[in-house]
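**Q** Can you read through this structure? Questions will come right after.
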Amino acid sequence: MQYKKETLLLILLAILLALTQRYSRTKDHLQKMYTCWRDHLEEPQLESWFNPKKRPDVIATTGWLAPVLWEGTYDREVLEQYYKRLNITVGLAVFATGNFSSESLRRFIKSANKYFMVGYNVIFYILADGTSNLPYLELGPLRTLKMWRLSGEEMTYEDSNLRNMNNMRYKIMEHIQYEVNFLFVMTANQIIKNHFGVETLGRSVAQLHAWWYFKQPREFPYERRRKASAFIAFEEGDFYYHSAIVGGTPLDVLDLIEHYIKGIIDDRTNELSSTYERHLNKYFFIKKPVRVLSPEYNWDPRFKTPPEIWHIKVAWQPRIT
């Protein structure tokens, strides 16, 4: 009898192994098919859809020749012709944690449903402490939503960031990288006010900090302690990036997260602590983004809008009292 049980168990394990191998081969085959199809379509050259000369009043190109997206510099229709044929899916992840307001989340998703990647497949990922206080969210066509409960506990603000990014790392590795071609991670206390389209897509996407864009690099609040992982010297640096929006391919977003987690671990070894935003700035100082979003994508409406900003794309939500 024992022999039969062991034989049956071995057979079941063999079947599971075969199914796993088949799934892996199918997944690899689908990825290769997409890569092959993508490679047969020539991606538009930068000069065919982006013209920095149309905005001489702003920094429209970085020192490493990445476009800084301002209203008037890009032609979305050229890129639409390319991405429509690829039938891409874009992910938008948001954390609903701590003292977040369900009304703020509802406003954010409602605005994203209206303006984020219109005409493309979009998956909204909500990572929450729990789902009991999440609002009802009605979505349009080509939009789906997934909710995940965050695992782990946090004690401080930075512990919360670390917990969030650990969860995001796991979800990218286990799910997201197989579901979307591009991924954005945003904070829920924003609202999208104008079209957030395919001009923002790229291998890695960084958001300029609206306040620090108008300051000199020496004034930027980089990590200045030499022993800290996020250290950037006073004579170095080009931009200061905001943590409210980050994007790219799932694997590039994963690389950023792993850089942050490693930096946190290294700092704790040296009894140091730094913010997620400073680690993010160190990452983009080392690995330059291929798309940079202007302050139009990160504006605080409490401040007077400067003439450089023609159309606010993303704004901070007013605090709900």
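Cβ atoms are placed via backbone N, Cα and C, with glycine included.
Summarising the annotation, Swiss-Prot assigns topological domain 'Cytoplasmic' to 1-6. Taken from Swiss-Prot, the feature transmembrane segment applies to 7-24. What Swiss-Prot lists as topological domain 'Lumenal' is 25-321, and the listing cites sequence analysis. Swiss-Prot lists Asn87, Asn99 with the feature N-linked glycosylation site. Annotated substrate binding site per Swiss-Prot: Phe95, Ala96, Thr97, Gly98, Asn99, Phe100, Thr187, Ala188, Asn189, His209, Ala210, Trp211, Trp212, in sequence order. What Swiss-Prot lists as active site, nucleophile is Glu277.
If you look at the structure here, what lies around each of the features I listed?
**A** Each residue in the topological domain 'Cytoplasmic' (1-6) has a pLDDT score, and their mean in this model is 54.
Cβ neighbours of Asn87 (N-linked glycosylation site) (same chain, under 8 Å, six or more residues apart in sequence): Asn121.
Around Phe95 (substrate binding site), taking its Cβ as the centre, 24 other Cβ atoms fall within 10 Å, counting all chains. Under the DSSP three-state reduction, Phe95 (substrate binding site) is assigned to strand.
All protein chains shown were included, and the count of other CB atoms within 10 Å of the CB of Glu277 (active site, nucleophile) stands at 20.
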**Q** What does DSSP say about Ala210 (substrate binding site): helix, strand or coil?
**A** coil
**Q** Hey, does DSSP put Glu277 (active site, nucleophile) in a helix, a strand, or just coil?
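**A** DSSP call for Glu277 (active site, nucleophile): helix.
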